[in-house]
Amino acid sequence: RLPCPPRRRPAMAARLKRCVVRRRDGPEQHGVAASCLRELRDKACGVLAIDKAREPITLVLAEDGTIVDDEDYFLCLPANTKFVALAKDEKWSGKSLDSGTSWLSEAVDEVDSAGEKWKQLARQLKGDLSSIILMSEEDLQVLIDVPCSDLAEELAQSDTKTRVLQDTLQQVLDRREEERQSKQLLELYLEALKTEDSVLSKVAEPQAAPKKEMDVVDTGTSSTGTPAKTALSDQILAALREKPAPELCLDSQDLELVLKEDRAALAWALGWDKQKAGALQAACDQELSKRLQQVQTLHSLRSTSKGKKTLPWGDWPSSKRKK
């Protein structure tokens with residue numbers, strides 16, 4: 001009896017590619033695996049619950065809105081590429097990159113975003129150490145909290161020198177906190193003096209004069225009653241409104257934005273009068289000038305330090321201030 005020929009195996013299915021899909025205006029994202037573009041469209045309609053009447057859908061790259069309608073192009077994309085599914089008559093809007101629905105701002109990517117942030121700040125330091133002066137308190141704290149070994153690897157420096165750098169970052173942060181506390185104490189002292197003068201003046205008056213109508217505080221509204229608009233983000237406005245010394249919390253770019261802002265618009269956005277808004281801008285201007293002067297001083301020292309292109313890492317103070 002002749003032996004049976006070997007059974008031919010069925011052709012191997014195309015390799016599945018992992019992808020991430022979401023709707024244009026929805027934060028919820030889903031992971032799917034597809035072997036081709038058509039399969040990805042079908043699965044996206046299913047997991048995103050897109051009505052049949054709104055098909056066919058269009059898949060675009062979440063990063064820049066590039067339409068993906070070519071099979072070869074789809075196969076060239078890396079695994080875990082993120083797509084946005086656009087139903088019929090929907091159009092891609094670049095504003096979604098900056099909106100609250102962008103997954104770069106979503107909680108699901110919060111860890112990844114934080115990781116990318118410290119690496120970006122580390123590369124900034126690697127290129128120019130004087131950028132420490134221009135960083136916000138939040139950025140400084142991010143670099144301080146990074147494990148020393150990870151930061152050393154990113155900076156291509158030894159653990160010892162990286163620890164010195166983190167000590168320096170802590171000192172900068174401590175110094176700003178001391179400045180804030182000193183300013184807050186001074187404001188409390190001045191407020192106490194005003195209160196004391198007010199009490200003494202009332203005691204000296206034989207009879208209280210009739211109260212006049214309160215002047216309307218100019219908060220920057222126009223003559224038509226339309227409030228002036230501000231270009232500052234909600235995060236900057238919150239820091240200006242809530243922090244006792246906000247100019248110490250913001251980085252230099254944010255300080256420049258505050259200085260460029262119209263005083264009336266700033267006063268309206270913060271709910272203050274123009275005089276208080278002007279005092280805030282003056283404080284921001286003073287802080288920004290001080291930082292820029294420090295950077296210029298470091299650059300001057302660098303140019304005269306034995307012809308070295310970068311400031312020696314070991315020259316930074318190594319003693320960490322105890323809180």
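Keep in mind that glycine also has a Cβ here, set from the backbone N, Cα and C atoms.
TrEMBL labels come from automatic prediction, so no person has curated them.
Among the ranges 154-178, 204-228, the one that TrEMBL lists as region 'Disordered' is 204-228. When averaged over the domain 'CIDE-N' (15-94), pLDDT in the model lands at 86.
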